[in-house]
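Copied from TrEMBL, the annotated features are:
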BINDING   Gly35, Ala37  Na(+) binding site
TRANSMEM  29-49  transmembrane segment
TRANSMEM  61-79  transmembrane segment
TRANSMEM  100-127  transmembrane segment
TRANSMEM  206-226  transmembrane segment
TRANSMEM  238-258  transmembrane segment
TRANSMEM  278-302  transmembrane segment
TRANSMEM  314-337  transmembrane segment
TRANSMEM  378-405  transmembrane segment
TRANSMEM  417-443  transmembrane segment
TRANSMEM  449-468  transmembrane segment
TRANSMEM  489-513  transmembrane segment
TRANSMEM  519-543  transmembrane segment
Amino acid sequence: MVYETSYGIGQKPFSPDLNRGKWEKPTDFVYACFGLALKLDVFVASYWYFFDLGIFGMMPYYMYMVIYLIPILVIHSFMGQFSSSGFISAFRVSPFFKGMGYVSTFLTISMLIYYGIFAAVPLLFIINSVRPTLPWSCEGMKSWHNESSEHLTICNYFKADDDSINIKDNDTSDFKLLHIPSVLYFQNHFDMLESRFPDLEREYELSWHFVGLFILVWAIIAFIFYKFSETAKFGRLLRYMVLITLALLGVCFVRFLFLPGSMKGLVAYLKPRRDDILMGTGSTFIMVLQAFGAGWGSVMALSSFNGFKANIMTYSWIISFGQILIYIFFGLVTFMLEHYFEDQHSDNFNSHVLTHWLLFLSSGSALASLEWPNLWTFIYYTMLLLASLIVMITQIFTVLASIFDEFEGLRKYKQKVTFGLIGGLAFCSFFFCTNHGIVYFSALALDAIWSHSLLHLLLILVVLWIYGRERFQRDIEFMLGQPFASWKVFVLRFIAPLILIISLLMGIVVSIMEHSYSSVVVMIISVFLVVIPLLSIPGYGLYSMYQSTGSCWERFRRSCRPTDWYPVEMEHRQQYEEAVGNTDVTHQLFEVTDEVN
């Protein structure tokens, strides 16, 4: 292959941002990737995928981890670390497909505009946890809930010593649905949100209370980027936030062990069941896809701040095991909470507790039953708030890094671009303060299943088929100074695509089903932020061909060749060009760099 340069084809050469910085510690990359596993909407929107599997149901995850998670993590990390650029400029490896980077940007934005929900809800409970009596406790709900309403709650009955149930109202129906006070407290902020799902025929209702919470969330994020905009400082902040979040999760896990019925949940989670393993075979590979961030290219952008020789092979294993441990911990907590509410009614009584959004809403009433409920509510929801903020600031950081890497002219306006992006996201997110938006955001979350699968398939095509297996192995071995096993390449070229095709088809079906139950506006948002951006892949490819010369076939081949594909640091660039053996290109690169810099 002839190694093209932008100089050689008459285009402006890639100009690396020499002031972009690096992680303060190499492990900050690992912590940042751990933070990607805290994207909890995957669990909330896909309860039927994961939380009823148990730990043995997640065993297929380890098979998928070896088959394609770790090898694809290595590809993402290789592209970012080798090129020292985000998920747009990293596609210098094959400019025809640079549109994938723009798709990743839009996918990240589509997540960010709704993800404020996951920070606003914890803020709601944190702010009200300072009250002497929690509003969602059985005592506190008397101040806002009409006990004569149609909602029978877990507070409307008491369990006698003989385990018989006594209802405190005159309801004599055979089957009783018991509502949870903390869920009703959340719904009470919307006049027309009287059940799990609002009537699609009813008009939109904006909750000004949640608008205020969203403004507070985005103000916190803006403050973080004002004080920690430098890469080293941001990595340090992210490291401490992840450690504190996981520590608080561990504390809550230990405390929940003493909830009534929690040990049943723990046993149910740890008990091996054949059906769970079979179900896990078809669902845990969807969980694997979440390792790469909401916008698909997060790992690529985060790895670009590594040192050139960072051992991404070892990091990929650590990240994979760390993320599954985080999933297991949240699964344990959820199982214990679920069985706590199951313990609220007797098996010989025909009733059912309506748990909803278990981690964020139903958990509030479980916390209210503890000794020192205000303290435990503050600790638990602080953990959820930190998890949400980690996800949001990490995704914004990767988007900004990728934009500044690609568009040299914006680098001198970094602060304006940063706060302009945050302000725009905040404004767009207000739709999800409505009764429809705050319930049907899950449709956008599930779009990631098929969009991530499609982008992974294209990435394998670009790196291992168009750029080539031999060149990929040569580059990664040059960067790491160690061999990259051929079996991993074989798995990536032939086996991983089969699984990803299954995931793609399954994701399309799930997405269609979810959107069929959601709001029309959410469907329109999905089309503009997920579907239409995919057209930028062929669109940018045609633009790249237009900029080239020759026949149509020659233009296509030239636009697929790597352009300005070399390490940024001069020492590594010289060594790379010597390894490649293309001295003519080396001289051109040096000349261009001297002129540009």
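Using the three backbone atoms N, Cα and C, a Cβ is placed for every residue, glycine included.
Unlike curated entries, TrEMBL annotations are predicted automatically.
Counting only same-chain residues 6+ beyond the ends of the transmembrane segment (417-443), those with a CB under 8 A from a CB of the stretch are 41, 44-45, 109, 112-114, 116-117, 190, 192-193, 196-198, 200, 202, 204-208, 210-211, 214-215, 218, 221-222, 225, 229, 396, 399-400, 403-404, 410, 511, 514-515, 517-519, 521-523, 525-526. Of all Cβ atoms in the protein chains displayed, 28 besides its own lie within 10 Å of the Cβ of Gly35 (Na(+) binding site). In sequence order, Gln290, Ala291, Gly322, Gln323, Ile326, Tyr327 are the residues near Ala37 (Na(+) binding site), counting only same-chain partners six or more apart with C-beta under 8 A.
Only pairs six or more apart in sequence are counted, and the transmembrane segment (378-405) with the transmembrane segment (489-513) gives fewer than three Cβ pairs under 8 Å, not enough to call it a contact. Ranked by number of Cβ pairs under 8 Å to the transmembrane segment (278-302), the listed stretches 61-79, 206-226, 314-337, 449-468 are led by 61-79.
If you look at the transmembrane segment (100-127) against the transmembrane segment (314-337), you find fewer than three C-beta pairs under 8 angstroms, all six or more positions apart, and that falls short of contact. Sequence-distant neighbours of the transmembrane segment (314-337) (same chain, 6+ residues past either end, Cβ-Cβ under 8 Å): 29-30, 33-34, 36-38, 40, 43, 50-51, 53-55, 58, 61-62, 65, 69-70, 73-74, 77, 246, 249-250, 252-253, 256-257, 259, 261-262, 265-266, 268-269, 287, 291, 355, 358-359, 362-363, 366. Outside the transmembrane segment (61-79) by six or more residues, the chain places 90-91, 93, 280, 284-285, 287-288, 291-292, 297, 299-300, 303, 306, 312-313, 315-317, 319-320, 324, 456, 459-460, 463, 472, 475-476, 479, 484, 488-489, 491-492, 495-496, 499-500 with a CB less than 8 A from a CB of the stretch.
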